[in-house]
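What follows is a set of notes on a single structure, which appears directly below.
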Amino acid sequence: MEPCGAAAGGDVCMCQTVFPAHANHRGELSAGQLLKWMDATACLAAEKHAGVSCVTASMDDIQFEEAARVGQIITIKAKVNRAFKTSMEVGIKVTVQDVLTNVEKIVSVAYATYVAKAVGAGKIELEPVKLLSAEDHLEHTLAIERRRIRLGYEQVFQNLMQESNKEDTFEEEDAVSTDLTHVQSIELVQPPHANHHGNTFGGQIMAWMETVASISASRLCRSYPVLKSVNMFKFWGPSVVGDRLVFNAIVNNIFQNSVEVGVRVEAYNCEEWIKDQARHINSAFLIFNTVNDKGELLTFPRIKPTTKVSSHPQE
């Protein structure tokens, strides 16, 4: 990726032409590749403000509005909206431009949280963000509300899970067992997947999660699913070079024209791998839909839930 112009404060702007290596079979930019670029750009913005290395803590719900195609230009702008004691909210805006028509469309707007890593035994206390415009002031104010919502996510989700466990299970005739949608993948974290401190890039983990979730959804729809959103993406712990990451994906539920896939990520070092002692490092929920050759949304078959494989972030 190349910088796309000067930026002040904690602002970073990066541009990238979409090449065939970045695209899927439809010639559209892979969602996993885009997530990696978004994370890398936002991390640079966080580090520009903090002056030290930063790691991804979470990504708010990410919605994808447009698809970018081979030959088009992706522009990613990231800026720090608000700095707390050791963490920052970074706003991310992604647009796509067609070089032939010069038409520009919004692909996604997202918010991520990054944590500054102290050097040695030192302590970090971030400087406040300089507010230069009315938009800066607005985002700075909204950031504290978004942070409150993020912190409340865990308790809300636990309550929902407790309520759902009280419900009776049901089976429908001709329903597809979610067992058939379970996908497991194992990745070895190597130096290209990590920063200079050896911590795995959050965007790389997101890309791997998108891959297994897409395979899981495809087993239900018998087609090529399209990622529409990523929800409740949060890191519960770190992973480093040399770790084995185990990804488990399964369909949680279907709606009229979309399907939710839960993904759980566990990490093992060499000793933990032998003893089968997993570290839960990440979970997220990915929403897919699928279209036919005419671009019309397709419906998904009914499912029969199973409890054998769980994508619950806390289990």
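Note that Cβ sites are derived from N, Cα and C of the backbone, with glycine treated the same way.
Over in TrEMBL, the protein carries these features:
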DOMAIN    8-120  domain 'HotDog ACOT-type'
DOMAIN    179-294  domain 'HotDog ACOT-type'
DSSP-assigned states of the domain 'HotDog ACOT-type' (8-120) in counts, ordered helix, strand, coil: 23 helix, 53 strand, 37 coil
For the domain 'HotDog ACOT-type' (179-294), the number of residues DSSP places in helix, strand and coil: 32 helix, 53 strand, 31 coil
